[in-house]
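Notes to accompany the following structure.
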Amino acid sequence: MKAIILAGGHSERFGKAKAFAEIDGQLFYQRIVQTLQETNMFNDIIISTNDQLANQFKHDNVIIDDANNKNKGPLAGIHTVMKQYNDEELFFVISVDTPMVTGKAISALYQFLVSRLIEDQIDIAAYSEHNRVIPTIAFYHPNCINVMDEALASNDYSLRHVYNNVTTECLDVTNIQSPEYWYKNINYQEDLDDLKQQINH
């Protein structure tokens, strides 16, 4: 099973590439890599990014988005990696701007997926908040590839396009009680300031 860290966004709202922002003395991407490694669930951790940022990562496996799908957001990153590893059975996707994700949360979502697979075929198992799917904390099955192809060829290459057209099951974020900020994504510098305050509270 492989993990994909989505780190190719332009981060206009944040002011710089979020992958290299710091929390608790660690860069966001390095913290997530460490969390993923500590789960012992993944045989590979892949950073998905763009050609401008790729050489700034100190990581063994960095994959640049397919040039044909440039500027098509996180879907392009997930699709590029899944196409390269087309014999893999499952991918965990996490956005680099969710630095406090925990191994407990990742493991719980995997257990949720496995328990549902006994009854049904599930293509995406994601977290949700207030019934809103969080597609960047999710497991993706390769069955999604055809719908991803269609989405990238259309004018709607949102992840919503994908999860609405495959079998998606969600686990509410409140199932993981601590820390309460584990799933928060950082869009603005103020979000990072708030997170630091919560951590040090």
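Please read every residue number as a count from 1 along the shown chain.
Positions of Cβ are set from backbone N, Cα and C atoms, glycine also.
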Candidate from D97, D120, D123 that Swiss-Prot assigns to the same GTP site as L6, A7, G8, K18, D65:
D97
What whole-number value in Å do you get for the largest C-alpha pair distance within L6, A7, G8, K18, D65, D97, the residues recorded as binding GTP?
18
Let me know how many other Cβ atoms fall within 10 Å of the Cβ of D97 (GTP binding site).
23
Rank the binding-site residues L6, A7 by the number of other Cβ atoms within 10 Å of each Cβ, and give the residue at the low end.
L6
